[in-house]
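Annotated features, as they stand in TrEMBL:
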{"type": "TRANSMEM", "residues": "21-44", "note": "transmembrane segment"}
{"type": "TRANSMEM", "residues": "56-74", "note": "transmembrane segment"}
{"type": "TRANSMEM", "residues": "86-106", "note": "transmembrane segment"}
{"type": "TRANSMEM", "residues": "112-130", "note": "transmembrane segment"}
{"type": "TRANSMEM", "residues": "151-173", "note": "transmembrane segment"}
{"type": "TRANSMEM", "residues": "185-206", "note": "transmembrane segment"}
{"type": "TRANSMEM", "residues": "265-283", "note": "transmembrane segment"}
{"type": "TRANSMEM", "residues": "295-315", "note": "transmembrane segment"}
{"type": "TRANSMEM", "residues": "352-376", "note": "transmembrane segment"}
{"type": "TRANSMEM", "residues": "388-411", "note": "transmembrane segment"}
Amino acid sequence: MANGYENQAPENLQGKYQAMVVCCILGIGSLVSWNSMLTIADYYYQVFPDYHPSRVLTLVYQPIALATIMIFAYHESKITTRKRILTGYILFTISTFLLIVLDLTTKGHGGIGHYIVLCAIVASFGLADATVKGGLVGDLSLMCPELIQSYIAGSGMAGALTSVLRLITKAAFENSNNRLRKGAMIFLAISTFIEFLCVMLYAYVFPKLPIVKYYRRKAAFEGSKTVVADLAAAGIQNQSDLSDDDSKNQRLSKKELLLQNIDHAVNLFLIYVLTLSIFPGFLYENTGQHGLGDWYALILVATYNFWDLVGRYAPLLNWLKVENRKALTIAVLSRYFLVPAFYFTAKYGDKGWMIMLVSILGITTGHLTVCIMTIAPKGYKGPEKNALGNLLVVFILGGALVGTSLGWLWLIGKKNAF
C-alpha cells in the first residue's frame, strides 16, 4: 500500500485545477463576510459615529477567533474535519444573513442596544472563522502546496472583491438617499450567497475530486482519523486504509511540531501584529483629510486588498517564492520599519506616499504568509500536517488579536479619541 501511494504522481491526478478553483472559493468564503464588515465600515461609522466601529468590531472578533482555534488546535486529532468545516460555513451563512435582518429591523438607526447586537453577530463571525480556517488549513496541509496556496489566495481575493464592489456601489448610489445603507445591503446579500455556495461546494463537490480523495486516503494510511467522514462522503466506505500499525501511527507531539517550526509560528505572529495594528483602524481614523474626501479610506483599503492578493499569488512564480527560513525572518522583521513610516506619512506626507506604504503592507502580508504556510508542512506525515496547520493558525489569529489591540495606540494624543 505504501509503495502504491509513493509511486503515484499527485500532480497528474485528475481534478487538480478544479480543486484549486474550489479552494479559492472556499478561501473567499472564509473571509468575505468579515471583509464585507470592514469594507462597509463607512456605513457603520455613519450609524454608530461614537463607537469606533472598525476598531471595536475587530477587537470583538479576534479574541473569540483565537480562543476557538486554541481549543480546536488542542483537540484537532479527535475532531472530524468535515463536520467542523461545514459547521463553520453554515454559521457564516446564518450570521451574515442576520446582519441584514438586524438592519431591516432597526431601519438603519443606531443606538447602544443595536450596537451590542451587532457585536454579538460579529463574535459569531470570530467563532466561524476559527472553525473554518483552522480546519481547512489543516486539511489542505495534507495535500499539495498549490491547494493551500489557492485557499490562502482566495482569502485575499475576498478583500479585493469586496473593495471593488464597495467602490462600484459607492459610485452608483452617490446621489441617492441612504446610499451607504443600500451599498451595505448589497454587500451582505452577496456575502450570504457566497457562504451558502461554500457549504454546497465543500459538502458535495470537493470531497469527490480524485486528487482530494488520493491525499485523504494517503493521510488515512498514515494514521489520520480526521479524514474518515470526508472519505465516506466521497463514497469510500472501505476503511482498510486506516492503519492500526503502531509504527505507522506514531507521530510527533504538538510540542515537538511547534519547537521544530517555532520560527514559522513567530513569523506569522509578527506579520499579523503589524498588519492588524494598521489595517483597518489606522486607515479609517488616522490618515487625516485629503482631496479624496470620504473616498480616501476606501481607496486605501482597496489598495491594501489588491496588493495583498497580488502577494498571495506571487509565490506561484518559483523565482519569487522564498523558502530560506532565515530570509523569511529577516523579511518579517524588516516590515516593522513601516511603523514610523506610517506615522510620519500620516502627519506630514501626501496621499501618494500613504498609498505606496499601504501597497507595501499588503503585498508583504500576502506574500510572506503564503511562503510560510506552503513550506511548513513539508516532510511530515498526514496527522502531523493537520496538527501543524492548526497550530500555525493559532499564531496568525494571536498576532491579529495583539495587532488589533495595539492599533488603539495610534489614537494617543488625538483630541476626543476615546
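Every residue gets a Cβ built from N, Cα and C, even glycine.
Through the fold, the transmembrane segment (21-44) approaches residues 53-54, 57-58, 61, 89, 92, 95-96, 99, 118, 122, 125, 128-129, 132-133, 136, 140, 147-148, 150-159, 161-163, 165-166, 180-181, 183-184, 187-188, 190-191, 194-195, 197-198, 201-202, 205-206, 209, 280, 284, 294, 297-298, 301, 305 of its own chain, all at least 6 residues removed from its boundaries and within a Cβ separation under 8 Å. Beyond the transmembrane segment (295-315), the same-chain residues lying 6 or more positions past its ends with a Cβ under 8 Å from any Cβ of the stretch are 35, 38-39, 41-42, 149, 152-153, 155-157, 159-160, 162-164, 166-167, 170, 279-280, 283-284, 287, 289, 321-322, 351, 354-355, 358-371, 374.
Using a cut-off of 8 Å between Cβ atoms, the transmembrane segment (151-173) and the transmembrane segment (265-283) share fewer than three residue pairs, counting only pairs 6 or more apart in sequence. Using a Cβ-Cβ cut-off under 8 Å and counting only residues 6 or more beyond its ends in the same chain, the transmembrane segment (86-106) has close neighbours at 29-30, 33, 36-37, 114, 117-118, 121, 124-125, 127-132, 135, 181, 184-185, 188-189, 191-192, 195-196, 198-199, 202-203.
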